[in-house]
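Below you'll find the structure, written out as structure tokens, and then a few comments.
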Amino acid sequence: MAATESTPLLARPATKSRREFAMMMAGLWSFAFIASLDGTIVATLLSTIGSSLQSLQTASAWLGTAYLLSLTTSTPLYGRLANILGRRPSIMLAGFLFAFGTILCGCATTIWQLVALRAIAGLGGGGLTVVGSVIVSDVVPLKSRGLYQGFANLLFGLGGAVGGPLGGYLGDTIGWRAAFLIQGPILAIGLFLVFVTVAEPPHILAAEGVSLLSKLKRIDYAGVILLTTCLVAFLLGMNYKTIFNHEWSDPLVWGFLLISILLFVAFIAIEFKIAAEPIMPVAMLHQRTPLFVAIHNFILSVLSFSTLYNVPLFFIAALLRTSANAGAHLVPNSFAVAVGSLFAGWYMRHTGRYWTLQAFGGSGLILANIVLSTWSRETPEWVLYVTLMPSGFGLASTLTTTLLALIASVPREDIPLATGLSYLFRTTGQVLGVSLSAAVTQTLLAKELRRRIDDDEIISNILSSTTYIRTLPPHLQEEATASWMKALHVVFTCQIVVAVALFFSSLPVEELPLPDTVDNAVKPSERRSDNSAIEVQDQQ
């Protein structure tokens, strides 16, 4: 039955205590908030941290990369661990790793200590997202699942919005270390809440007699190692190109990229032919909806991270605006993301459908990128503010609808694997979206600068720092900003092609029924204790 004025918008928890369900969701949503807060705090304080530790170039190259790398490689592993170890052990492990890495970042004395600790935090960050999503799917009816995802996305967006100003304030007053240390209490509360409320579904409880050693033997260690080394080699090659400005012909660039390709081939061979329980559930990729959801999520992440990386550069490098001004132009996009998340959840709860909204969201991304490719110095200010709103709405709505489509297409016991598959393709797309767009931008920018400016030292400085442009004489400023604009226009035009590919990748996704009950929810008789499990049913 659809929600009406006399029925609740969210499914009510049919539990001994509704407070338990609220506590569990508060814990899980606090993780979503803190993960986003952490990411934007680090991005804001990057130059401050690098300067403090006298390693600005290393900080720029590896602080974000280390976290994203470990996040990407651990994400699919947690999909397996949620079934092998159970929901509560998996999310507690993820929470501990994230808290350990994050809090100790505030005590790091060298840049490489900080990089290593960010990598440890990333190992936990992947699990908080994946296992948290699995836990909600265990206890919330699929028809209402989108609303809960919408609220999680809303808090994720709120964390991102708060993180930047908070990081800047702490960096200017108390110091950058406080930005890591203040996350500790929130993480501790979240871990306590999930520990006392999260329970295991029946098929996990049935395997409790199996020894821990036997469970650990089921992990696809070869797949984890190959995926990690593949991404490390790829990022090394791209960093030498985009950050250290080496030529494509440099052996350090093409050599690492070649190694990455060879390792990727080995990873695919292991996953398809050898691994008994591969971290990338290849059997699902033989099914229509999981395959196209994975492709869609990958393309969407490439597109969205390319946009988020390059749009601020347009304002800072091509228009010579401040970082604050560039950030202000992203606020409407954040608002649209929040609206898109909640609307998608409400729409699916109300109609039980998602395919039309999915296609509509994809159309919004195409529209936004077409307008984006026309930006210039003469573009009206209001257009610069609203251009990304269709993109933000489309991003949020399609992420929510594709997750629901994926979950609806697999048996309940395979939901952790399906969730891990989705996040594997998302995080891999994030890595490629940033690195590939940066490589294209830097290559085109260097070519354009050499055509306009006959001074290698000036060109090198422009490629290394956007703030250097402001120190140039007016005629060289004009050439530098025009070069940036030309390079970014090509990138934005390429994004139109990617957006069209994204739209068509969503069309084969099947529209399946969204049940309004949880068939395999944890029953009171299967709880470890009265306070350790939650069952949610849709009471209408």
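Cβ from N, Cα, C; glycine included.
Because TrEMBL annotations are produced automatically, they should be read as predictions rather than curated entries.
Feature annotation from TrEMBL assigns compositional bias 'Polar residues' to 531-540.
For 24-513, the entry in TrEMBL reads domain 'Major facilitator superfamily (MFS) profile'.
What TrEMBL lists as region 'Disordered' is 520-540.
The transmembrane segment annotation in TrEMBL covers 21-47 (among others).
Taken from TrEMBL, the feature transmembrane segment covers 59-79 (among others).
Marked as transmembrane segment by TrEMBL: 91-114 (among others).
Outside the transmembrane segment (120-140), and at least 6 residues removed from its termini, the chain residues within Cβ reach (under 8 Å) are 11, 13, 21, 24-25, 28, 31-32, 35, 38, 66-75, 77-79, 81-82, 87, 90-91, 93-102, 104-105, 148-149, 152, 194, 198, 201, 403, 407, 415-416, 419-420, 423, 427, 518, 520-522, 534-536. Annotation comment: TrEMBL describes 120-140 (among others) as transmembrane segment.
Taken from TrEMBL, the feature transmembrane segment covers 152-170 (among others).
Using a Cβ-Cβ cut-off under 8 Å and counting only residues 6 or more beyond its ends in the same chain, the transmembrane segment (176-198) has close neighbours at 20-21, 23-24, 26-28, 30-31, 33-34, 37-38, 41-42, 45, 48-49, 52, 87-88, 91-92, 95-96, 98-99, 102-103, 105-107, 135, 166-167, 170, 531-534. Sequence annotations record features per position, and here TrEMBL assigns transmembrane segment to 176-198 (among others).
For 219-240 (among others), the entry in TrEMBL reads transmembrane segment.
Sequence annotations record features per position, and here TrEMBL assigns transmembrane segment to 252-270 (among others).
The transmembrane segment annotation in TrEMBL covers 291-320 (among others).
Residues annotated as transmembrane segment in TrEMBL: 354-376 (among others). Tertiary proximity for the transmembrane segment (354-376) is limited to same-chain residues at least six positions away from its ends with a CB under 8 Å from its CB atoms, namely 146, 300, 303, 307, 311, 314, 340, 344, 347-348, 383-384, 387-391, 393-398, 401-402, 404-405, 485, 489, 492-493, 495-496, 498-500, 502-503, 506-507, 509, 511, 514.
Among the features that TrEMBL reports, transmembrane segment is placed at 382-407 (among others).
Look at TrEMBL and you will find 487-507 (among others) tagged as transmembrane segment.
Cβ atoms under 8 Å from those of the transmembrane segment (219-240) belong to residues 61-62, 65, 69, 72-73, 76-77, 80-81, 84, 246, 250, 252-257, 259-260, 263-264, 266-267, 270-271, 274-280, 428, 431, 435-436, 438-439 of the same chain, restricted to positions at least 6 beyond its ends. Cβ atoms under 8 Å from those of the transmembrane segment (291-320) belong to residues 284-285, 326-327, 329-330, 365, 369, 372, 375, 377, 388, 391, 395, 398-399, 402-403, 405-406, 409, 421-422, 424-430, 432-434, 436-438, 441, 466, 469-470, 477, 480-481, 484-485, 488, 491-492, 495, 498-499, 501-502, 505-506, 508-509 of the same chain, restricted to positions at least 6 beyond its ends.
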